[in-house]
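Here is what TrEMBL says about this protein:
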- B:28-44: transmembrane segment (TRANSMEM)
- B:51-68: transmembrane segment (TRANSMEM)
- B:88-108: transmembrane segment (TRANSMEM)
- B:120-140: transmembrane segment (TRANSMEM)
- B:140-444: domain 'NADH:quinone oxidoreductase/Mrp antiporter transmembrane' (DOMAIN)
- B:146-165: transmembrane segment (TRANSMEM)
- B:177-199: transmembrane segment (TRANSMEM)
- B:219-244: transmembrane segment (TRANSMEM)
- B:296-316: transmembrane segment (TRANSMEM)
- B:323-342: transmembrane segment (TRANSMEM)
- B:354-371: transmembrane segment (TRANSMEM)
- B:392-414: transmembrane segment (TRANSMEM)
- B:472-492: transmembrane segment (TRANSMEM)
Amino acid sequence: MSVMALSQIRIPLLMGNSLNAWSEALTGFSIWGFPLGLVILAAIPLVFIALYALTYGVYGERKISAFMQDRLGPMEVGKWGILQTLADILKLLQKEDIVPAAADKFLFVVGPGILFVGSFLAFAVLPFSSAFIGANLNVGLFYAIGIVSIEVVGILAAGWGSNNKWSLYGAVRSVAQIVSYEIPAGIALLCGAMMAGTLDMQQITMLQSGHLGFAHFNLFQSPIAWLPFLIYFIASLAEVNRAPFDIPEAESELVAGYFTEYSGMKFAVIFLAEYGSMFMVSAVLSIVFLGGWNSPLPDLGPVSLNAMTSGPVWGVFWIISKGFFFIFVQMWLRWTLPRLRVDQLMYLCWKVLTPFAFIGFVLTAIWEIYVP
Amino acid sequence: MFELPSGAEIQSVIAGIKASVGYFIPEIYLSVLFMVLIIVDLIVKGKKNTLLPVITITGLAGSFFFIYQQHAMTAGEMFFGMYVLDEFALFFKYFFVLSGILAALISMDDEYLNRESSGMGEYYSLVVAMVIGMIMMAAATDLLMIFLSMELVGLTAYVLTGYLKRDPRSSEAALKYLIYGAVSTGLMIYGFSLIYGITGETNIFRISEELRLHSSDPLVMMIATLFILAGFGYKIGAVPFHFWTPDVYEGSPTPITAYLSIASKAAGFAVLMRFFLTALPHGGAAYDNIISNNWVLLLIILSISSMIYGNVVALWQQNVKRMLAYSSIAHAGYLLLGVIMMDELGTQATLFYLLSYLLMNIGAFYVVILISNKTGSENLDDYRGLGKKMPLAGAALTVFLISLVGLPPTVGFIGKLMIFTAMLAKGSIYIWLALIGVLTSVISLYYYMLIPLNMYLRESLEPHKESLNVGLLSRIIMAIFMILTLYFGLFFTPLSDFAKYSSALFGNTVY
Amino acid sequence: MDQTLSSFGNVFAFLALGIVFVAGGYLTARMLRPSRPNPAKNSTYECGEEAVGSAWVKFNIRFYVVALIFIIFDVEVVFLYPWATVFKSLGVFALVEVLVFAGILILGLVYAWVKGDLDWVRPEPKVPQMPVMPDRKAEGGRA
Amino acid sequence: MLSLIVFLPILAGLVILAVPSSQKQIIRIVSLLAAVLQMVLAVMIWRGYDPSLPGITASAAGIPQGSFQFIERLPWITLDLGGFGPLNIEYFLGVDGISITMVILTALISAIGVLSSWTIQKQVKGYFILYNLLATAMMGCFVALDFFLFYVFWELMLLPMYFLIGIWGGPNREYAAIKFFLYTLFGSVFMLLVMIGLYFSVLDPVTHNHTFSLVAMASQSNYIKDAILGPDNVMWRYIAFIVLFIGFAIKVPMFPFHTWLPDAHVEAPTPISVILAGVLLKLGTYGMMRINFPLFPEVFQASMYVIGVFGAINIIYGAFCALAQQDLKKMVAYSSISHMGYVLLGLAAANSEGMVGALYQMFNHGTITAMLFLLVGVIYDRAHTRQIDKFGGLASYMPVYAALVTVAWFASLGLPGLSGFISEALVFVGAFSSVTTRPIAIVSVLGIVFGAAYLLWSLQRMFLGKRKPDAAYDLEAGPDGHEHIHFHDWKGKLDLDARELTMLVPLTVIIIFLGIYPMPVLGMLTTSINKLVEVLSPVVMTALN
Amino acid sequence: MEILTTIGINHYLTISAFLLGFGLFAVMTRKNALVVLMGVELILNAANINFLAFSKFNGGMQGVMFSLFVIVIAAAEAAIALAIIINIFKIFKSVDVSSIDTMKE
């Protein structure tokens with residue numbers, strides 16, 4: 001049976017073009033009752049996070065930062081410092097894991113786990129390709145918004161559990177920031193959902209495919225879509241504590257905020273979670289407004305660029321590219337904009353983004369009704 | 001499982017909603033009033049202590065016009081069985097709007113409340129919100145709607161209770177109200193879920209049909225009924241769901257105490273009557289089988305324990321508000337007697353009693369407010385000698401208390417008379433219940449009379465104080481309450497006819 | 001197999017794998033890393049200072065206020081999501097309804113705004129002032 | 001006419017309300033005017049009353065109001081009770097022989113009470129408003145023929161009484177007032193239930209609606225057989241009778257329910273004691289005669305013996321207690337209990353003599369006890385004490401007072417030639433001639449002996465002999481060489497002054513006159529009493545059944 | 001995966017009953033106002049599970065709708081509860097329900 005299943009799985013992996021062909025094949029695949037396919041299905045995003053975080057995340061960010069600041073970045077380990085990430089891994093793995101005596105041990109240990117699991121669970125609904133999605137939920141977008149909130153619990157657990165003033169300040173600030181920005185973010189994504197008329201991530205993506213490439217993307221479907229797009233992008237920066245909204249972990253003020261006390265593997269987990277979230281929000285932004293795994297290239301007359309660059313494997317490429325692009329923008333902003341003060345942060349959220357999100361919501365609703 | 005309805009279905013749904021909106025105008029009007037109040041509060045700067053109540057009172061009074069128009073509409077379901085418009089609901093619309101007006105009126109005179117630094121904007125809008133919630137409670141015919149409207153009332157009531165933010169008693173009252181409220185509502189929802197499980201319906205008409213057509217596990221039904229009673233019983237403040245009453249009534253701002261003791265209780269009764277008289281069929285006499293769907297027996301137990309407990313514990317209260325709180329528990333018991341009768345007469349009696357209770361209890365609390373404005377106390381000992389210093393207030397309070405005891409020639413007597421008439425109309429089976437009713441009202445005489453006793457029979461502790469005069473407007477209001485209490489005690493036909501007219505419950509299965 | 005359930009089964013697999021990954025990471029690290037705790041190392045980090053008291057102290061009430069406002073708005077937004085998926089087929093009627101809904105919601109926002117619940121305490125800029133020291137001589141004399 | 005007599009005091013009360021409270025004299029005069037006018041009206045009613053018409057029940061001809069006189073009957077409240085038809089509450093007044101006696105008594109005692117209230121100095125306005133309210137309620141009770149109306153008046157009495165005792169009473173007034181209130185309310189709430197039960201059991205013979213009319217209720221043929229208090233429902237009829245009886249017995253007051261009375265009397269100011277003893281106690285027995293017995297005649301038949309026993313207990317127990325009292329007012333209060341026992345005994349006899357005696361005793365007790373309390377009030381005003389042993393030898397210093405006291409005391413113990421004798425004699429004649437009550441009557445005679453004992457003893461201790469060493473007054477030599485007594489704080493006339501005489505002399509005259517020639521009263525009531533006896537007799541009942 | 005599909009209504013009801021029990025236990029025994037409120041949330045969620053289970057097994061969407069509204073109301077209630085508790089803490093410096101008892105019995 002297992003051999004049969006293996007043989008069955010090979011074909012769609014290479015050939016399958018139908019929707020979710022890969023993930024459905026994986027879902028049905030089990031060995032001796034153990035749903036190995038499911039594990040593999042889940043492992044793929046996990047591996048992706050790990051790889052991307054270590055390469056693009058650690059090495060890439062350092063290098064990009066360096067370029068922007070006109071310096072070299074890591075150069076010591078290997079050619080151009082290319083093995084720097086490996087060194088980092090080894091360091092984190094064997095570094096002593098200190099648990100402060102005053103900490104709440106349980107929360108201290110559990111916090112990073114929650115943080116990571118929350119971030120990772122969101123990947124379940126990200127369609128990496130027309131053929132691959134972790135879990136094809138009909139409420140995918142909603143689920144993605146909801147599940148990310150679990151991170152708040154992890155942050156609070158980590159900050160509180162550390163029993164360190166910096167950590168607690170950082171955690172509370174971070175929570176306040178995340179929950180506040182969830183309002184404009186939620187409303188902005190709602191606009192996208194209204195344009196699509198569904199919450200299914202695959203459906204949302206599919207509705208944006210077409211021969212004209214980027215012209216089918218939600219962002220270009222209505223002039224109003226730019227408003228929620230920008231709002232969500234700004235809010236998502238705050239949600240993942242990226243600059244200029246990085247006061248929760250502001251090194252110079254709070255000494256890394258809620259993970260001040262963390263070291264070794266626990267730090268690595270937090271770190272993975274952060275980078276996972278970064279990709280997650282970028283991917284959601286891409287899916288809702290920029291067509292997800294759809295190729296942005298239009299068919300130019302006889303040159304059917306779009307058809308050529310479409311397909312399950314191309315889809316993987318496109319969505320990761322789009323995600324990485326936004327991560328790049330995030331890194332870019334980090335070195336461009338100064339950090340906001342707490343009151344500015346709240347001002348921006350409640351008095352700028354939220355009202356504008358509402359305006360965008362109302363306009364989108366009217367647009368969608370009256371301009372078909 | 002989650003299929004979207006077809007286009008035609010959607011159109012019919014929309015048409016249904018549009019048709020229902022026409023029957024929903026008073027509620028919409030009040031919601032608009034609620035928002036107008038908030039906006040006025042936000043826009044207008046400076047002293048708003050008269051502007052807001054005036055808007056509230058005139059606005060609420062304006063809703064009478066829309067409610068009156070509903071008389072011409074035929075009784076029926078709206079919003080797909082969520083909501084109903086019948087005489088019973090109309091009665092409570094009048095009732096709650098009136099009580100909202102009165103609450104706003106007496107709030108104007110409460111000096112404690114007006115001293116609240118954060119302003120009164122939310123206060124009046126919350127009062128209006130509570131009116132809306134209670135109106136919807138009285139008309140809700142779906143478990144979901146019942147739950148939502150009860151929560152609307154509850155949530156606003158929590159805030160109103162704790163409105164005096166700096167007063168520890170007020171905050172404590174709010175906390176207790178909230179905790180008991182949340183727990184009992186939680187239990188009620190659990191009961192609802194069981195009912196839903198048994199019948200597969202949340203509409204009370206269809207629940208009743210299902211229960212009649214199919215047999216249900218009596219034990220589960222009993223548990224469900226008990227849980228639901230926890231929610232309703234909490235709202236009406238009946239034993240054993242009364243624990244919040246004394247503290248909340250004592251701690252709240254007095255107008256809110258009055259408002260809760262009357263309107264919130266009445267809303268509880270409205271929903272209790274609608275639910276029990278419509279949804280749950282009742283088989284036979286009250287004594288059949290304890291583990292069956294015998295909610296009447298439950299109500300009887302509730303009623304008896306409320307009457308006895310409320311009246312007995314009130315005996316040794318020193319705080320007037322607290323005493324009135326315990327007495328309100330007792331009154332819940334009397335009101336339940338009318339519900340237990342399960343017939344038109346019983347319903348009529350309950351409604352009449354509610355009307356009379358509105359009049360006399362608001363009056364009593366109003367005088368308590370005026371007195372505490374002057375003396376700064378609600379303590380029984382501080383009422384000494386007030387009869388001489390505040391003659392009209394003393395006389396009015398005495399009349400209200402006499403009415404609360406149920407002595408002629410006051411409206412409270414007629415209320416009791418109607419209740420007992422309804423009971424004896426059933427023949428001899430409920431006589432013992434009526435006996436408990438009258439005996440406990442004798443007990444109630446003792447503690448009610450403690451107030452006039454202190455006011456008239458005892459000398460003031462500070463004999464040199466001059467007479468404490470209240471404003472002319474307050475005196476007029478007080479006198480109106482007093483005269484109405486007496487007038488309706490002698491000529492109660494209009495009230496009673498109104499109650500009779502209103503006892504028509506749409507789709508009830510019991511009578 | 002029920003479609004919905006199976007989808008959430010996948011989510012469950014993600015959850016399980018996530019936990020296993022974290023736990024596995026911890027275990028691996030524990031096997032590899034040294035463990036040599038000492039009191040100084042285990043003390044709470046406060047930039048080198050001795051930690052004073054516990055960090056579990058009271059917090060600025062504004063954080064709670066933000067939480068309260070968030071709860072209300074977030075929950076209301078939840079209602080809009082199901083609506084968003086169907087409103088096109090419902091037409092103008094649904095639009096009007098949701099505008100009423102959003103209007104009330106916006107009124108709530110305005111309310112919180114006007115009441116000042118959205119204001120954060122602004123840090124007062126500390127303008128450095130030249131110290132006026134008339135007694136400099138006296139001090140100097142004492143020194 | 002009856003409306004006027006009922007509502008005249010309350011009109012006076014409204015007038016008083018408008019008078020500023022500093023004008024005490026005007027307030028008193030308004031009240032007095034109302035009371036005098038009420039008395040005039042009572043006399044007019046008495047003159048216009050036809051003693052040949054019996055009243056009590058509807059007459060055989062089926063006239064709904066029967067042979068009552070001065071009928072005023074208006075629909076008051078009509079309630080739609082759905083399946084039970086309309087609830088008709090009527091404004092229904094009328095008098096028969098029983099009530100007219102009481103109407104006259106009430107008018108008389110009310111007027112005397114106003115005179116006696118002249119000494120009230122504290123919060124005069126409030127006092128007279130309440131007093132007038134009380135007067136209306138009492139009068140209303142005696143003329144109401146609709147049970148509901150009766151009940152309203154009945155309960156209306158409680159509150160003014162409570163305040164009159166509570167505010168203007170003695171040192172222990174709070175306790176006495178609330179005790180009075182609770183006791184009487186306890187009795188009357190049952191009445192409420194019985195009233196409702198009766199409503200559902202009785203049909204008006206003319207309109208065939210349920211009715212509260214006492215006249216309709218008094219005819220057993222109007223009852224619905226299987227209704228809650230219908231003839232078939234024997235158990236509930238017994239229970240209803242008993243609770244009604246208890247309600248009235250508390251007012252009488254009958255033995256186990258009597259404890260409120262001494263407290264109330266001792267604490268109440270003199271005029272209120274007068275009203276309480278003179279009128280209020282009669283309401284209990286009046287209620288029995290008007291409502292309790294005729295509505296449940298077969299139960300009455302069964303319980304005659306018990307009622308008689310309670311009457312005897314009242315007589316003897318009251319006398320015993322009176323014997324033990326040091327406080328003069330308390331003694332008089334217990335003597336009231338004893339004397340009301342005669343009324344109960346007469347009622348228990350259930351024959352014409354007994355019943356006539358009972359009703360006549362009610363009237364006489366009203367006048368005599370009123371006088372007793374007034375006399376106690378006179379001495380209390382002067383001495384500020386009522387302890388019997390604080391006095392002695394008063395007769396030689398206050399001869400007029402002593403004379404009136406003697407008359408009253410002797411009337412109370414039933415000396416021939418005074419009105420008390422005739423009624424007590426009639427009661428005993430009735431009780432002896434009834435087989436049921438004969439043994440009780442024999443025992444009850446003891447009561448007369450004890451009565452004579454406490455009255456004569458107190459008379460002797462207070463008025464005869466010499467001043468006691470710790471008396472409440474001093475002896476001092478007057479300008480004419482005679483010795484006078486001097487009360488410490490008393491500035492007024494030593495012996496009775498004009499106002500006191502105005503109150504006391506008419507009562508004395510009435511007592512003596514009715515002792516010699518009782519017919520003006522007896523003639524008025526005998527027809528009704530005969531009818532009542534007929535209604536209550538087993539023969540009639542079996543005929544009906 | 002087979003076990004997931006064979007779960008019957010009783011499984012749900014049992015869990016919900018347990019939740020109800022825990023909630024009631026927390027409400028009755030705990031003194032911290034916040035913990036009491038958490039107990040209330042447990043009760044509400046017990047009801048939610050019931051609603052969803054019944055909705056699944058009876059068919060019909062009312063249960064789902066109901067639980068959605070319960071969640072929403074629970075959030076609103078939590079918001080108000082927090083506000084009140086914060087105020088209580090400001091005044092009493094404690095959120096211990098048993099110590100907040102200024103009004104005599």
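Keep in mind that glycine also has a Cβ here, set from the backbone N, Cα and C atoms.
Caution: TrEMBL annotation is automatic and unverified by curators.
Using a Cβ-Cβ cut-off under 8 Å and counting only residues 6 or more beyond its ends in the same chain, the transmembrane segment (B:392-414) has close neighbours at 327, 331, 352, 355-357, 359-361, 363-364, 367-368, 370-371, 386, 441, 444-445, 448-449, 451-452, 455-456, 470, 475, 478-479, 481-482, 484-486, 488-490, 492, 495-496. Below 8 A, the CB atoms of the transmembrane segment (B:88-108) and the transmembrane segment (B:354-371) form 3+ pairs separated by six or more positions in the chain. Taking pairs at least six residues apart, the transmembrane segment (B:120-140) and the transmembrane segment (B:177-199) share fewer than three Cβ pairs below 8 Å and do not count as touching. Within its own chain, the transmembrane segment (B:219-244) has Cβ neighbours under 8 Å at 150, 153, 176-177, 180-181, 184-185, 187-192, 194-195, 198, 211, 261, 264-265, 267-269, 271-272, 275, 280, 291-295, 298-299, 302-303, 305-306, 309-310, 328-329, 332-333, 335-336, counting only residues six or more beyond its boundaries. Below 8 angstroms of C-beta separation, residues 95, 98-99, 102-103, 106, 109-110, 254-255, 257-258, 261-262, 265-266, 269, 320-321, 324, 328, 331, 335, 378, 383, 386, 390, 393, 396-397, 399-401, 403-404, 410-412, 414-415, 470, 474, 477-478, 481-482, 484-485, 488, 495, 498-499 of the same chain, each at least six residues beyond the ends of the transmembrane segment (B:354-371), sit close to that stretch.
Within the chain carrying the transmembrane segment (B:51-68), a Cβ under 8 angstroms from the stretch's Cβ atoms is held by residues 25-26, 29-30, 33, 36-37, 40-41, 44, 90, 93-94, 97, 100-101, 104-105, 107-108, 120-121, 123-124, 127-128, 131, all 6 or more beyond its ends.
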